[in-house]
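K.L.:
This is the structure I have questions about; it appears just below.
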Amino acid sequence: MGSLQLLYRVKALPAQVGEEQHAMSCLNTSTHSHPATFLLVGIPGLQEAQYWIAFSFFIMYVIAVLGNVIVLFIIYNDLSLHKPMYLFLTMLAVTDLVLATSTLPKMLSIFWLGSREIGFHACLIQMFFVHTFLSVESGILMAMALDRYVAICCPLRHSSILSVPAIVTMGSLVLARGILLVSPFSLLVHRLPFCQRCLISHSYCEHMAVVKLVCGDATVSVIYGLFVAFMVGGVDLFVITVSYAMILQAVLRLPCTDTRLKAFSTCASHLCVILSLYIPGLFTFLTHRFGHNVPDHVHILGANLYLLMPPMLNPVVYGVKTKQIRERVLRIFNQKGI
């Protein structure tokens with residue numbers, strides 16, 4: 001263990017020197033243009049500890065990838081699962097894989113290899129994928145809340161209201177919304193002057209973390225970021241809250257206690273997944289704009305968990321709580337003698 005720590009410190013020293021040299025090279029670039037590359041700090045204040053923190057992130061990523069791939073494999077190969085509810089799970093699994101993979105490999109290269117450099121355009125591409133698929137994730141969770149509402153409150157009309165074409169249309173609209181709303185982020189940032197500032201105090205290219213490096217007037221970009229946050233998070237969370245409030249009313253009117261408990265159990269697991277996305281997301285959003293007294297490492301750790309917790313929890317929660325998926329997973333393990 002001691003030798004690993006020594007090895008990491010030896011690697012970290014050249015990385016820190018390289019970071020200083022890169023910062024100096026930024027000072028020599030022309031004013032009012034963007035730098036060719038940025039440096040991602042990682043977790044400010046925890047540069048030495050982040051080598052070990054990365055192991056927990058890696059485990060979360062492995063669970064997320066394996067869990068979502070298993071869910072996709074089971075749904076794809078079982079024709080009886082080609083139903084509305086499982087189409088939503090398919091969309092969610094694909095979104096989780098893209099969301100986690102767009103950030104974690106680079107984060108691990110920062111934490112373990114000291115590879116902090118990221119090209120300007122690569123940073124904008126990462127920003128686009130992160131925020132687009134966070135929007136898609138939020139939209140799918142909203143659609144799943146509506147699905148639960150229709151299934152519990154209008155069970156006889158569920159198949160006609162939420163047909164396969166209707167669900168494909170909903171998924172397409174959610175994806176289009178994310179692309180159309182997030183694309184201006186990168187376009188606005190690309191037009192802003194950075195004045196040789198190139199150290200991003202973050203583990204990935206988050207919109208506000210990049211905008212903070214701008215030395216010109218970034219008011220339009222900041223206001224647009226608030227607008228997107230309201231149009232995505234605010235609207236989706238409102239619809240989810242109203243849906244589950246109506247579901248709760250319907251469940252409380254059910255005559256059978258066992259049925260009520262089963263419905264409560266299903267809704268509670270869904271709400272845990274929803275809260276794992278919105279609570280860290282709200283914390284990150286507010287900290288960027290108002291949390292000046294929040295330590296940087298607390299903010300960045302929360303932002304990292306914001307991207308890793310939902311992809312890790314979604315396949316576990318929905319896989320365990322969905323009887324059909326759970327039975328097929330157990331059947332696979334039994335056939336292999338595990």
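Placed from the backbone N, Cα and C atoms, the Cβ positions cover glycine too.
TrEMBL annotations: computationally assigned, not manually curated.
According to TrEMBL:
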- 67-318: domain 'G-protein coupled receptors family 1 profile' (DOMAIN)
- 51-75: transmembrane segment (TRANSMEM)
- 87-112: transmembrane segment (TRANSMEM)
- 118-140: transmembrane segment (TRANSMEM)
- 161-182: transmembrane segment (TRANSMEM)
- 222-251: transmembrane segment (TRANSMEM)
- 263-286: transmembrane segment (TRANSMEM)
- 298-320: transmembrane segment (TRANSMEM)
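Walk me through where these features lie, including what they touch and how far apart they are.
P.N.:
Among residues of the same chain six or more beyond the transmembrane segment (118-140), those with a C-beta under 8 A of the stretch's C-beta atoms are 34-40, 88, 91-92, 95-96, 98-99, 102-103, 106, 171, 173-175, 177-179, 181-183, 185-186, 189-190, 200, 204-207, 210, 228, 232-233, 236-237, 277-278, 281, 307, 310.
Counting residues 6+ beyond its ends, the transmembrane segment (161-182) has Cβ neighbours under 8 Å at 82, 84, 87-88, 91, 128, 131-136, 139-140, 143, 146-147, 150, 154, 228, 231-232 in the same chain.
Counting only same-chain residues 6+ beyond the ends of the transmembrane segment (222-251), those with a CB under 8 A from a CB of the stretch are 131, 134-135, 138-139, 141-142, 145-146, 148-149, 152-153, 177-178, 181-182, 184-185, 188, 207-208, 211, 260, 263-264, 267, 271, 274, 278, 281-282, 285.
Through the fold, the transmembrane segment (263-286) approaches residues 134, 137-138, 141, 144-145, 148, 152, 206, 229, 233, 237, 240, 244, 247-248, 251, 254, 299, 302-303, 305-306, 309-310, 313-314, 317-318, 320-321 of its own chain, all at least 6 residues removed from its boundaries and within a Cβ separation under 8 Å.
Non-local neighbours of the transmembrane segment (298-320) in the same chain are 42-44, 53, 57, 60-61, 63-64, 67-68, 70-71, 89, 92-93, 96-97, 99-100, 103-104, 107, 130, 134, 137, 201-204, 206, 269-270, 272-273, 276-277, 280-281, 283-284, 287-288, 291, 326, 329; each lies 6+ residues outside the stretch with a CB under 8 Å from one of its CB atoms.
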